[in-house]
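**Q** Sharing a structure here in structure tokens format.
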Amino acid sequence: MQFVASEHPHRRLNPLNGQWVLVCPHRTQRPWSGQQEKAQKNELPEFDPTNPLCPGVTRPNGIQTPEYESTYVFENDFPALVEVVPVPPNNDDPLFQIAPARGNCRVMCFHPKSNLTLPTMSAAEIVVVIDEWISQFNELSAKYAWVQIFENKGAAMGCSNPHPHCQIWSCSFLPTEPQLKQERLRAYYATNERPMLADYVERELQRQERIVIENRDWLVVVPFWATWPFETMLISRNNNKRINDLTAEQRYNLALTIKELTTKYDNLFQCSFPYSMGWHGAPTGPEHAHASSAHWTLHAIYYPPLLRSASVRKFMVGFELLAMAQRDLTPEQAAQRLREVDGKCHYLEK
């Protein structure tokens with residue numbers, strides 16, 4: 001019997017964190033009778049007087065959101081991290097380690113209208129979002145070791161407010177995922193004298209089978225090691241290390257790429273496609289200001305939960321929680337489906 005990746009179970013290594021993913025393509029034929037999600041409704045009003053992220057509405061803490069006309073950033077009313085916090089006492093017990101955690105949490109509204117999302121915004125409006133990301137990054141990266149820009153879109157990914165927005169959490173420490181990448185990227189660079197993701201981009205361009213979108217500045221792929229069904233990685237092709245390295249032209253092409261990718265997502269199942277996404281780049285702050293970042297390549301990751309339709313999602317439970325990550329649809333099959341979906345015209349505009 002000859003191995004066929006699209007038919008037989010196998011494991012794939014994620015070189016960014018050293019963890020393996022179990023791929024079981026034969027399971028795509030199994031019947032499904034599990035939980036189905038309610039698709040997010042698209043009939044949202046432009047303005048909701050009860051939504052605290054809308055212009056002019058008073059938030060639960062009594063602060064009125066200003067009448068903003070573009071992006072709007074404010075300090076999170078219920079932050080996970082705060083800047084002033086007592087330092088924990090020293091503890092030498094290896095089983096009860098504790099460390100300080102300082103930081104800042106902000107909310108950033110993409111647009112004053114509640115019924116828009118990134119795929120239904122114009123490229124020019126998305127450029128404004130990117131510019132604000134960079135402005136916030138410039139300010140916060142001077143002080144903090146890690147600035148995590150991320151968006152949770154849709155109730156299926158825990159988003160409690162449908163208004164188009166993201167969050168920016170800044171940490172005095174390097175969080176777990178970036179720390180793993182820092183170590184793996186640095187080790188690869190020490191051995192190969194090349195950034196891992198620069199080599200990865202070259203290899204994917206040669207193979208073509210996992211590419212979703214390709215242009216001069218950006219590459220979108222379903223990673224070889226993807227865990228989520230339609231997971232994608234948006235990678236800089238210009239040796240950018242951090243988001244504030246981007247030129248005006250690269251920002252505009254990024255806006256076009258984000259719009260095309262998220263339009264493909266929405267068109268795949270003709271719904272407002274939920275996901276969690278975020279940016280990863282070289283660490284920042286005084287601790288990392290003078291350290292080499294040659295091993296890093298700026299990239300974003302999209303983790304969408306939907307599997308078979310707008311109402312069927314993947315759950316990370318059982319074996320995934322207790323043993324290792326597992327997927328059914330192969331990354332190559334997912335990439336082909338995303339490639340074939342229209343990314344230029346949103347289904348609501350047809």
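Along the chain as shown, the residues are counted starting at 1.
Just so you know, glycine gets a Cβ as well, placed from its N, Cα and C.
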**Q** Same UDP-alpha-D-glucose site as Asn76, Asp77, Asn152, Lys314, Phe315, Met316, Val317, Phe319, Glu320 according to Swiss-Prot: which of Gln136, Gln167, Gln336?
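**A** For UDP-alpha-D-glucose, Swiss-Prot names Asn76, Asp77, Asn152, Lys314, Phe315, Met316, Val317, Phe319, Glu320; of Gln136, Gln167, Gln336, the listed one is Gln167.
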**Q** Spatially, and counting Cα to Cα, which of the recorded positions is closest to Asn152 (UDP-alpha-D-glucose binding site)? Options: Cys54, His163, His165.
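**A** Its closest listed neighbour, by Cα, is His165.
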**Q** What does the structure give for the C-alpha distance between His163 (Zn(2+) binding site) and Phe319 (UDP-alpha-D-glucose binding site)? Integer Å is fine.
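**A** Rounded to the nearest whole number, the Cα-Cα distance is 35 Å.
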**Q** Of Asn76, Asn152, which of the binding-site residues has the most Cβ neighbours inside 10 Å?
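**A** The residue with the most neighbouring Cβ atoms within 10 Å is Asn152.
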**Q** So which of the binding-site residues is most packed in, judged by how many other Cβ atoms lie within 10 Å of its Cβ, out of Cys54, Met316?
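**A** Checking each of Cys54, Met316, the winner is Cys54.
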**Q** I need the CA-to-CA distance for His165 (active site, tele-UMP-histidine intermediate) versus Cys54 (Zn(2+) binding site), whole Å please.
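**A** That separation, Cα to Cα, works out to 11 Å.
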